[in-house]
Each structure stands twice: as C-alpha cells, then as structure tokens.
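**Q** Shown below is the structure under consideration.
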Amino acid sequence: MLRIADKTFDSHLVTGTGKFASSQLMVEAIRASGSQLVTLAMKRVDLRQHNDAILEPLIAAGVTLLPNTSGAKTAEEAIFAAHLAREALGTNWLKLEIHPDARWLLPDPIETLKAAETLVQQGFVVLPYCGADPVLCKRLEEVGCAAVMPLGAPIGSNQGLETRAMLEIIIQQATVPVVVDAGIGVPSHAAQALEMGTDAVLVNTAIAVADDPVNMAKAFRLAVEAGLLARQSGPGSRSYFAHATSPLTGFLEASV
C-alpha cells in the first residue's frame with residue numbers, strides 16, 4: 001500500500017499522459033498499468049471544459065489526477081499554474097515541476113524549493129520533481145512536501161537509475177515517500193527502484209513510445225509488483241566471496 005498525504009493507493013506505479021498516439025491508447029495503457037495516480041500537464045488540457053480529449057477519459061477512468069506545472073520556468077509561473085489547476089480540477093494535489101532549460105529539462109533546485117514552501121503554505125499537497133540531491137530532498141521534506149520525486153536520469157532519456165548512489169541516501173533519510181521520476185526506461189529499471197527501497201516510480205515515456213504501449217504498461221505493473229515483493233521478502237546480502245549452496249565434499253566422504 002502506498003500512502004501519500006491523505007490518500008492510499010494499491011499500486012506503486014504512477015503514470016503520465018504525454019506522448020501517446022491517442023487518448024484511447026493512453027487510457028488503455030493506464031488501465032493495463034494498474035496505476036491509480038496519473039499526472040497531466042496543465043498546458044496540454046483545456047481547463048475550461050471537462051470534455052477535453054485528455055481530461056474526460058481520465059475522469060471516467062476514476063484515477064486520482066496529479067496536475068503538474070511542466071513548462072514553468074520560475075517559482076512564480078509554477079505557483080500561478082498551481083492555482084489554475086486547483087480552480088479547474090478541484091484538487092490540492094500538485095506535481096511541482098520547474099525546468100528553465102528546454103534542452104535538458106533538469107529541475108531548478110532554487111526555484112523548486114521556493115515554490116514548494118509557498119504552495120505548502122497555501123494548502124497544496126506538493127510532490128516536487130527534483131534532482132537526486134539528498135540535501136535538497138531533505139529541505140523539501142522540511143518545508144512540508146508530501147513526497148519527493150528525485151530523477152533517475154533526464155526526462156525521457158530511458159537511461160535508468162543513473163543517480164542510484166544518491167537515491168540510496170535519499171531513501172535512507174526520507175520520512176516521506178520517495179518516488180523516482182524520470183529516466184525509467186524499461187521494466188527492470190522500475191523493479192530495481194522498488195527493490196532498493198523506493199516507494200513508487202513514475203513512468204511515462206517508456207510506456208507511451210513503446211511499440212505496444214498497453215503490453216509495456218502491463219510489464220511495468222508486473223515489474224513494480226516484483227520489485228516490491230522482492231524487497232519485502234528480505235533479499236540475501238551481497239558478498240565478495242562464493243558461498244556453496246551444497247556440500248562440496250560430503251558425497252566423497254560418504255562413498256569411501
């Protein structure tokens with residue numbers, strides 16, 4: 001069970017809505033993923049009407065919507081987008097994204113922390129996308145963020161857990177859920193993230209651009225379940241030395 005703020009989710013997989021070939025394919029993939037928490041960019045939906053091609057099927061699917069501020073380059077822009085989302089969708093939940101450089105899409109740590117502190121004070125449930133910086137993640141937690149969402153690698157890069165060493169520190173010190181966001185490229189990346197202690201992963205590009213997004217979404221669902229089950233089962237410790245699983249000499253002694 002994944003608990004963030006006042007909500008609980010059976011699934012530990014968060015999904016996005018971008019890059020799908022059609023809204024129908026998007027919804028089919030989300031259903032196959034089992035995800036109950038779905039992000040959507042405010043710049044991609046018509047907030048004036050709920051029959052928007054992206055928004056309407058998501059509402060019908062019964063998932064929890066997590067609007068994001070993708071496209072914001074400053075704290076002020078992100079705060080403005082957050083209030084638009086709250087007014088239009090009736091939710092205090094927000095994925096905070098501030099990335100001023102369109103080439104790399106790396107989160108701005110200074111603007112993110114500034115916006116997070118203000119938005120928490122204004123009653124938002126803030127889930128910030130951030131770099132895999134243990135100090136920053138702790139500061140975001142201290143100002144009241146409901147979770148932290150450090151990147152595994154740049155958005156859409158499919159590189160996997162390139163920041164693993166820093167993610168391990170973040171997981172160890174966090175008292176709020178840690179959701180690895182960005183860079184997850186194949187289901188094995190998601191399984192590894194859950195095995196190492198992450199509470200959830202957010203996957204969008206890897207599902208949306210697959211040749212078969214629906215089956216890829218199912219694969220991610222199974223991978224997340226496997227990673228979580230493996231962690232809960234108590235994996236054996238790593239060793240530099242070999243440890244025999246069967247007696248090496250007993251059968252020789254028995255035959256003498």
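Backbone N, Cα and C define each Cβ position, glycine as well.
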**Q** According to Swiss-Prot, ALA182, GLY183, ASN204, THR205 bind 1-deoxy-D-xylulose 5-phosphate; which one of GLY156, GLY197, GLY227 is listed for that same site?
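**A** That 1-deoxy-D-xylulose 5-phosphate site, as Swiss-Prot gives it, pairs ALA182, GLY183, ASN204, THR205 with GLY156.
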**Q** List, in sequence order, the residues of the same chain other than GLY156, ALA182, GLY183, ASN204, THR205 whose Cβ lies within 8 Å of the centroid of the Cβ atoms of the recorded 1-deoxy-D-xylulose 5-phosphate site.
**A** GLY16, ALA153, PRO154, ILE155, SER157, ASN158, ASP181, ILE184, GLY185, VAL203, ALA206
**Q** Identify which of the binding-site residues GLY156, GLY183 has its Cβ surrounded by the largest number of other Cβ atoms within 10 Å, counting every protein chain shown.
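**A** Sorting the candidates by Cβ neighbours within 10 Å, the top entry is GLY183.
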**Q** Which has the fewest other CB atoms in a 10 Å radius around its CB: ASN204, THR205, the listed binding-site residues?
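**A** THR205, out of the binding-site residues ASN204, THR205, has the fewest neighbouring Cβ atoms within 10 Å.
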**Q** Greatest CA-CA distance (Å) over the residues GLY156, ALA182, GLY183, ASN204, THR205 that the record ties to 1-deoxy-D-xylulose 5-phosphate?
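**A** Maximum Cα-Cα distance: 9 Å.
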**Q** Does DSSP give ASN204 (1-deoxy-D-xylulose 5-phosphate binding site) helix, strand or coil?
**A** coil
